[in-house]
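A.B. asks: Got these off TrEMBL a minute ago, pasting:
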- D:Arg48, D:Arg54: NADP(+) binding site (BINDING)
- D:Arg125, D:Ser126, D:Ser127, D:Asn240, D:Ala241, D:Gly280, D:Lys295, D:Pro296, D:Thr297, D:Ser298, D:Ser299, D:Arg321: FMN binding site (BINDING)
Protein chains: 4
Amino acid sequence: MSGNSFGSLFSVTTFGESHGPAIGCVIDGCPPGMVLSEADIQPELDRRKPGTSRHVTQRQESDKVEILSGVFEGKTTGTPIALLIRNEDQRSKDYGNIVDTFRPGHADYTYWHKYGIRDHRGGGRSSARLTAPAVGAGAIAKKWLREKYGTIIRGYMSQLGEIAIPFDDWQHVHANPFFAATDDPATIAKLEAYMDDLRKQGDSIGARINVVAQHVPVGLGEPIYDKLDAEIAYAMMGINAVKGVEIGAGFASIAQKGSEHGDELTPEGFIGNNSGGILGGISSGQDITVSIAIKPTSSIRTARNSIDQQGQAGVVQTFGRHDPCVGIRATPIAEAMLALVLMDHALRHRAQCGDVQVTTPNIAEKI
Amino acid sequence: MSGNSFGSLFSVTTFGESHGPAIGCVIDGCPPGMVLSEADIQPELDRRKPGTSRHVTQRQESDKVEILSGVFEGKTTGTPIALLIRNEDQRSKDYGNIVDTFRPGHADYTYWHKYGIRDHRGGGRSSARLTAPAVGAGAIAKKWLREKYGTIIRGYMSQLGEIAIPFDDWQHVHANPFFAATDDPATIAKLEAYMDDLRKQGDSIGARINVVAQHVPVGLGEPIYDKLDAEIAYAMMGINAVKGVEIGAGFASIAQKGSEHGDELTPEGFIGNNSGGILGGISSGQDITVSIAIKPTSSIRTARNSIDQQGQAGVVQTFGRHDPCVGIRATPIAEAMLALVLMDHALRHRAQCGDVQVTTPNIAEKI
Amino acid sequence: MSGNSFGSLFSVTTFGESHGPAIGCVIDGCPPGMVLSEADIQPELDRRKPGTSRHVTQRQESDKVEILSGVFEGKTTGTPIALLIRNEDQRSKDYGNIVDTFRPGHADYTYWHKYGIRDHRGGGRSSARLTAPAVGAGAIAKKWLREKYGTIIRGYMSQLGEIAIPFDDWQHVHANPFFAATDDPATIAKLEAYMDDLRKQGDSIGARINVVAQHVPVGLGEPIYDKLDAEIAYAMMGINAVKGVEIGAGFASIAQKGSEHGDELTPEGFIGNNSGGILGGISSGQDITVSIAIKPTSSIRTARNSIDQQGQAGVVQTFGRHDPCVGIRATPIAEAMLALVLMDHALRHRAQCGDVQVTTPNIAEKI
Amino acid sequence: MSGNSFGSLFSVTTFGESHGPAIGCVIDGCPPGMVLSEADIQPELDRRKPGTSRHVTQRQESDKVEILSGVFEGKTTGTPIALLIRNEDQRSKDYGNIVDTFRPGHADYTYWHKYGIRDHRGGGRSSARLTAPAVGAGAIAKKWLREKYGTIIRGYMSQLGEIAIPFDDWQHVHANPFFAATDDPATIAKLEAYMDDLRKQGDSIGARINVVAQHVPVGLGEPIYDKLDAEIAYAMMGINAVKGVEIGAGFASIAQKGSEHGDELTPEGFIGNNSGGILGGISSGQDITVSIAIKPTSSIRTARNSIDQQGQAGVVQTFGRHDPCVGIRATPIAEAMLALVLMDHALRHRAQCGDVQVTTPNIAEKI
């Protein structure tokens with residue numbers, strides 16, 4: 001209830017702070033009998049981890065995951081799976097100058113007011129480092145969904161600041177440091193130059209990430225409140241720095257007429273996907289398409305006006321290691337959160353309606 | 001768990017279908033001792049109810065609410081408050097022609113696949129009529145928040161199709177059928193003409209609604225998953241027809257630099273409100289600002305291609321009574337959902353951190 | 001979270017007070033497609049309702065149930081089922097003399113301290129009348145379990161005060177006003193005389209109720225905290241006036257040796273049932289056997305010492321209509337609660353482990 | 001939802017298996033600002049740990065606890081507290097002979113049927129070893145309740161097999177290996193001789209444990225389902241091997257008359273405590289008194305008839321290290337579970353009704 005658990009039937013409870021001894025999570029509700037080891041989880045953590053290019057924070061964390069429970073003789077047992085990641089590179093002294101002044105746009109102001117405690121060490125619990133356990137849990141959800149239904153969940157960066165990034169092909173996403181779905185050299189060069197400039201300025205920038213789930217069974221999602229799109233919005237807006245979420249046509253729906261927005265059906269499947277794969281809060285079997293807005297990092301080297309805990313005016317600058325664009329590492333996080341939502345709803349569907357039918361794959365295929 | 005309850009500590013469980021005998025809800029967790037009667041709830045229901053202008057559905061429902069429990073001698077007792085609204089104008093025969101064909105963009109396709117049941121009577125449980133109980137519950141939350149913290153929650157329509165609607169003053173919102181915050185005659189005339197045209201065409205259109213909460217205590221919201229913005233996104237995306245949610249600067253954050261986005265602080269309060277009143281998922285005391293995209297109604301008179309339950313191609317037209325723009329009646333709904341989120345988090349905060357301090361009202365005031 | 005909902009996946013949220021306009025509940029999570037009407041529910045309510053013999057309260061309530069939602073064309077739709085029971089015989093004036101003095105052993109003392117509100121009308125929310133909605137919900141659970149797995153849930157009174165009541169045969173339970181599983185005329189006569197005496201004395205008495213579930217699938221129950229026996233204990237202790245719960249051998253286990261208590265297995269099934277059908281918190285397929293202790297009614301005509309809301313000493317007597325032995329009407333309630341626990345765990349099992357196998361019925365049969 | 005979390009607002013999620021690499025838990029919802037270190041937790045774990053006398057299992061575990069998160073500069077931060085205990089003495093080979101035969105009275109039968117997985121290593125997740133994390137969490141709850149309200153929670157063994165153990169004084173509980181509240185040499189000698197005999201026989205025995213909470217605020221507990229006694233029953237019955245739970249007069253209530261059972265009130269407090277400190281599911285400020293029945297250990301050296309996974313008849317004997325009376329180590333576990341229930345309800349009360357009043361301590365004192 002204190003907001004550190006995600007999901008109801010496939011439930012992930014995380015713990016840890018950016019500069020404490022360890023971070024991790026407990027995953028409850030995983031079906032028994034699935035082959036699982038650290039090797040299934042580590043690659044997803046490696047996609048998110050810091051220090052992989054000059055465009056992200058230079059903090060050195062191997063993010064090596066240890067499975068503490070819930071797996072016996074290489075298979076899930078149906079009991080809780082605990083994942084542990086030890087923090088390795090806690091250079092807390094870097095944060096000394098922001099111990100009692102609030103950073104504009106940062107959670108330090110609200111945490112201090114809520115809890116009366118200030119964990120200045122890298123943002124403590126509010127750090128984006130705390131997305132790592134969810135990425136670990138997401139890897140397990142992805143595996144189960146892929147093996148059970150053939151579901152594939154992938155994301156990419158579609159915009160960096162004002163630079164729109166074209167979608168060319170999924171295969172390019174891992175071939176550049178931006179999770180861009182393009183191999184156009186000019187675009188990649190432009191992104192690199194932009195980030196290099198930004199770093200020199202000591203400033204940061206926002207980004208847009210798109211996530212797509214394919215081969216999703218029809219029927220996932222609950223009516224009224226736990227609609228699949230509502231839960232996706234919750235999951236995505238809960239990622240650090242996200243300020244907006246769209247499903248399908250999203251904000252473009254405002255100016256659409258009903259005769260344009262509603263995706264017509266043929267015996268071969270849907271024509272168009274303005275719905276983003278969700279109708280009335282329930283998956284339709286089409287691709288689920290999500291797009292999110294990520295704000296620029298609030299910890300920047302640029303001096304800014306602020307106040308301290310006593311309410312005195314001052315100037316604050318952040319010299320610790322930070323991502324100049326938190327959006328760059330957000331793609332695997334958004335994928336993981338979408339996987340967790342789908343996994344949870346797959347189990348919820350199973351509880352009330354029996355095992356889900358993987359119907360009309362052709363519909364999803366066509367789009 | 002089947003998705004018909006909203007909130008954890010101030011919990012609303014709804015029931016009913018568009019054309020069943022009644023709709024309603026049970027509200028659990030309301031603090032005891034608050035003066036409450038139907039007169040506190042009915043006005044909010046009246047703002048949402050159908051048939052109030054020619055621009056909304058002509059279904060005639062008085063939406064008269066009855067409190068069945070939880071109030072004794074004019075005060076809440078701390079036990080569940082049940083609200084009952086009898087359906088009055090169920091003209092189910094109007095829906096005869098869509099009994100087994102799916103409407104493009106409508107939930108009938110997914111409900112049928114999920115439950116194996118087709119309640120064609122006005123969309124059954126998926127109808128926007130089911131937002132009425134939440135509006136009733138929201139009225140109770142609004143009252144408590146207003147009396148306890150002085151919190152004010154209001155919304156308005158900021159865009160209808162491609163027509164942007166300026167915000168002039170809150171006082172105008174109730175003086176026109178669109179919840180527009182303007183009294184500019186030209187704008188109102190334009191909106192009326194647009195809707196009249198649309199109705200003649202038998203088509204529908206989307207809209208954008210903005211909601212603002214003022215005088216919110218600092219400290220509401222939980223870290224990591226039940227962030228205040230995540231819960232708002234969940235609440236808003238769960239409203240029928242919503243396809244996008246923004247907090248504060250929203251999607252504009254993508255192209256902002258950190259030095260521009262992060263709202264600076266002075267001893268007198270924040271400068272700017274890109275954050276939309278939420279930092280790190282926790283309320284900062286500034287105004288909470290939310291904007292949502294509502295898609296056009298899927299039930300339209302325009303003929304569209306579709307399939308029936310047997311997968312056979314056909315054409316579908318809807319002749320029942322429907323809103324040509326569901327966005328028009330969405331303002332009180334969005335206000336109610338925001339009230340429910342804030343109420344729930346006020347109680348959650350109280351549980352863990354003790355009674356909330358209403359701090360720094362000057363900060364919220366200034367903005 | 002305020003304690004008015006029971007169950008996680010088959011969830012029952014109740015509302016109402018003893019002397020308010022109505023009582024009822026919302027049942028969320030019922031699988032779709034089950035044939036259901038009021039006729040399936042009313043008989044269970046009739047077994048529990050007041051006024052059926054001279055040994056129970058003479059309040060006249062027909063307890064007629066109305067299904068407000070969740071059923072369409074005679075079948076459950078998978079959406080919430082709301083049950084409504086109007087209160088008919090609220091003779092609140094009877095309670096005038098206990099408006100501000102506390103009854104020894106009654107909830108009026110604690111409700112007043114907790115909520116600062118005193119609903120003296122028949123105990124308000126704390127009345128055993130509030131078990132009626134759960135009995136209604138239990139009827140639905142019983143039907144689903146019976147149709148799906150052949151599960152049969154039945155109870156009987158095994159002790160009234162100091163009178164032990166032998167178990168002869170299930171068929172006798174409905175042939176006497178005590179839910180006694182015997183047709184021995186001497187025993188029945190003894191019970192009647194005992195109750196008649198008690199009524200004349202203006203006193204009350206406790207009772208023991210046993211409940212048995214047969215043909216329960218193997219595998220229901222969750223490890224560690226939501227063990228099946230833990231949830232049964234929660235359900236039973238939550239029934240008004242219950243002070244003790246036993247599963248299987250219960251308190252007799254204290255003096256048993258392991259070589260005596262552990263039920264041996266043969267290829268044909270278990271030998272003995274000290275476990276009460278639950279091992280490690282999970283159903284074994286044997287009969288689930290539960291026994292509960294019900295305290296005597298606290299509202300009695302005998303004068304007793306007490307204090308009023310101002311802490312002043314006084315004497316209190318209750319002249320309203322009350323059951324001299326609440327245990328008499330407790331059998332259908334205990335059955336309903338057991339049904340709700342098993343139903344919820346059947347759905348939970350299905351979520352994580354897939355559809356339950358109805359294994360080894362012979363084991364349960366033999367015992 | 002898969003049953004590995006306890007509590008709603010002070011929530012404990014455990015993980016681990018008896019012979020896996022580690023066990024532990026994540027505690028969510030602890031109020032911020034409480035001084036906390038391992039030194040507050042370790043003593044409770046030491047009371048429960050194995051190997052402390054010849055009457056308990058000789059497995060050697062230091063049960064050294066590490067706090068991984070949620071504490072900064074010696075105080076709780078309001079974020080999740082993760083506790084980690086590494087397993088040290090996993091002598092799994094001892095279990096080789098029970099790899100595929102079921103022990104009478106043991107969870108191995110039901111786990112195998114539920115999950116299709118057999119973790120034979122010391123019972124895996126079903127081992128009583130998994131109570132250690134809850135004892136750790138309970139230590140935190142005890143500390144908060146003690147500092148906030150002066151609540152004291154203590155337990156003792158009141159019966160071992162057929163030997164009733166008198167209650168003389170709390171101070172003796174820690175002066176003997178049985179948690180007996182007596183220093184009578186004859187009684188202690190009798191218990192030791194009984195246990196020595198039993199060990200020679202290769203058999204096991206049940207026990208009764210009593211737990212008492214003093215200085216509990218009035219008003220804890222929710223009406224209808226989450227009654228304080230219902231939650232205590234759930235907590236206690238969820239402890240491994242518990243088969244019965246009583247509150248206050250418990251099963252003796254059956255033969256009591258209302259004029260005897262209902263505790264009268266005077267301006268100085270209650271006379272008697274048949275209620276066990278709970279009326280209508282809500283704490284009355286009197287001592288909360290609970291008594292539980294613990295069955296004999298199912299893993300014994302005595303040969304017993306059973307079947308294997310293929311359903312073939314056979315004989316099973318357990319040679320691993322087991323407690324001949326699991327009841328001996330159950331006292332600190334029962335205390336911890338009671339602390340967790342009270343802590344959770346203290347926070348729940350605070351959410352709905354504001355900070356709890358610690359009223360009428362004299363009432364509890366007198367009894």
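Placed from the backbone N, Cα and C atoms, the Cβ positions cover glycine too.
On this model, are these features tucked inside or out on the surface, and what's nearby?
C.D. replies: In the three-state DSSP assignment, the secondary structure recorded for D:Arg54 (NADP(+) binding site) is coil. The number of other Cβ atoms within 10 Å of the Cβ belonging to D:Arg54 (NADP(+) binding site), over all protein chains shown, comes to 12.
A coil conformation is recorded for D:Ser127 (FMN binding site) in the three-state DSSP classification, outside any helix or strand. Under a cutoff of 8 A between CB atoms, and with a sequence separation of 6+ in the same chain, the neighbours of D:Ser127 (FMN binding site) are D:Glu17, D:Ser18, D:Asn240.
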A.B. asks: Restricting to the chain of D:Lys295 (FMN binding site) and a gap of 6 or more, list residues whose Cβ falls under 8 Å of its Cβ, or answer none.
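C.D. replies: Long-range Cβ contacts: D:Gly105, D:Gly206, D:Ala241, D:Val242, D:Lys243, D:Val326.
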A.B. asks: Need one number for the FMN-binding residues D:Arg125, D:Ser126, D:Ser127, D:Asn240, D:Ala241, D:Gly280, D:Lys295, D:Pro296, D:Thr297, D:Ser298, D:Ser299, D:Arg321: the maximum pairwise CA distance in Å, whole number please.
C.D. replies: 44
A.B. asks: Do you know offhand how many angstrom separate D:Arg125 (FMN binding site) and D:Arg48 (NADP(+) binding site) by C-alpha?
C.D. replies: 18
A.B. asks: List, in sequence order, the same-chain residues at least six positions removed whose CB sits under 8 Å from that of D:Ser299 (FMN binding site)?
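C.D. replies: Sequence-distant Cβ neighbours: D:Arg103, D:His106, D:Gly123, D:Ser204, D:Thr318, D:Gly320, D:His322.
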A.B. asks: I need the most crowded of these binding-site residues: D:Arg48, D:Arg125. Count other C-beta atoms within 10 angstroms of each C-beta and give me the top one.
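C.D. replies: Of the binding-site residues D:Arg48, D:Arg125, the most buried by Cβ count within 10 Å is D:Arg125.
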A.B. asks: I need the CA-to-CA distance for D:Arg48 (NADP(+) binding site) versus D:Thr297 (FMN binding site), whole Å please.
C.D. replies: 16
A.B. asks: In this structure, which of the binding-site residues D:Ala241, D:Thr297 has the fewest other Cβ atoms within 10 Å of its Cβ?
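C.D. replies: Ranked by other Cβ atoms within 10 Å, the binding-site residues D:Ala241, D:Thr297 bottom out at D:Ala241.
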A.B. asks: To the nearest whole angstrom, state the Cα distance for the pair D:Thr297 (FMN binding site) and D:Arg54 (NADP(+) binding site).
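C.D. replies: Their Cα atoms are separated by 16 Å.
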A.B. asks: Binding-site residues D:Arg48, D:Arg54, D:Ser127: which sit with Cβ under 8 Å of a chain C Cβ?
C.D. replies: none
A.B. asks: Under DSSP, is D:Ser299 (FMN binding site) helix, strand or coil?
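C.D. replies: D:Ser299 (FMN binding site) sits in coil per DSSP, no helix or strand.
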